[in-house]
Structures are given as structure tokens and as C-alpha cells.
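Swiss-Prot lists 4-20, 32-48, 56-72, 116-132, 146-162, 172-188 with the feature transmembrane segment, giving sequence analysis as the kind of evidence.
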């Protein structure tokens, strides 16, 4: 994933995390999901069309669709009020695919930092599956906090370092990202509930009834 695209992935993860925390309305988060989702679909399509059949280029571009489709789906759900069950099950597909991309980063690319980043994305998208696909609504604040944290440590910061020419992969960056990222996952539930808006942690009776229908 190129540095420019990754930078805006960081932005949309932060915005969507704040949405899950109840700090931004779904409609307020929609435009950026359309922008970044469109970017993450158009960019790999152009790369593949210009690849001349280069397998490495095609493989690198293929993972972008996982995120592009996710953000476009979020945007469409937000403006149509469709339920998130389908997106939740797609998130399980993304989580499993991310494990494969992580393995490829560790082995074929000798890039442990992005190997860890892909692992953290797998965890986040699996949490989205639990939240949306299986309906574990109580996880909403936890998923929101992890999305914000990963937006910073797996996307925005690495992307800024990449585009500024200061990015270095290796065991040390991988270890730093892993420690911060997995600590965020472990602490997600209590911190998420502390950061969430009252309407998320203590929904009114009408909202509770809506989630159980």
C-alpha cells in the first residue's frame, strides 16, 4: 500500500473509530468513507491495468480492494440505514485475507513491520466481524478505540514516515508497533467504554429495542 493512500486510510480509521465511540454521527463520517473507499478501489484498478501482468504489482494492488470495499460499504450503510450484518461477514473475509498478506510480508518481502501491521488489521477486522456479523453490540466502544489506535500506529504514522523518506522496516519498528498495537487491543474494552459517548454506553430504551429486533 502506497504511503499516500495509507495516510488517508489512517484518517478514515480514526473517523470511523470516533463514529463507533459515538463522537461522530454515521452521516458525518460518510463523506470520508466515500472518498477513501473510492481511492482504494480506483488506485489498485489503475495499478493492475498498468502492471503488464507483473505478478508482484498485482499482488500488492489486490489487498487495497479489501479496504476500499469496506469503506464504501460503511458509507453506503450510513446513507441507506442498511444493517451491518453483510459488512460484518465480509470483515471476517478481510481478517482471514489479512493473515495471508501478513505471512507474505514476513516471508516473501522480509518486511516485519508491515507483517505486524497486517496482523493488527486482521485483529481489527475480526473485531468488526464480532460486532457487525455476530451482533455483539457491547464491543462497539472497544472496536472504536482499536480503530482509532490503529489509524494512528498502523497507518497515519507509518504513511507519514514513508512519504517523508524516513520509514525503515526491521525488528525494532515491528516490535514497537506490535507492543503498542496489541496493548491497545488488550485494553480496548475498558478504555473504549471510558472514551465513548454516554449514548453508546448507556443507550436509551428505544435504542436498545432497535438493536434487539
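Indices start at 1 and increase along the chain as displayed.
Cβ atoms here come from the backbone N, Cα and C positions, even for glycine.
Bear in mind that the values here come from a model prediction, so they are computed numbers and not experimental data.
Among the recorded stretches 4-20, 56-72, 116-132, the one sharing the largest number of Cβ pairs closer than 8 Å with the transmembrane segment (146-162) is 4-20. Remote same-chain residues near the transmembrane segment (116-132) are listed as 20, 70, 84-85, 87-89, 91-92, 94-96, 98-99, 101-102, 105, 139-140, 142-143, 146-147, 150, 153-154, 158, 174, 177-178, 181-182, 185, 188 (criterion: CB distance under 8 Å, separation of at least six residues from the stretch ends).
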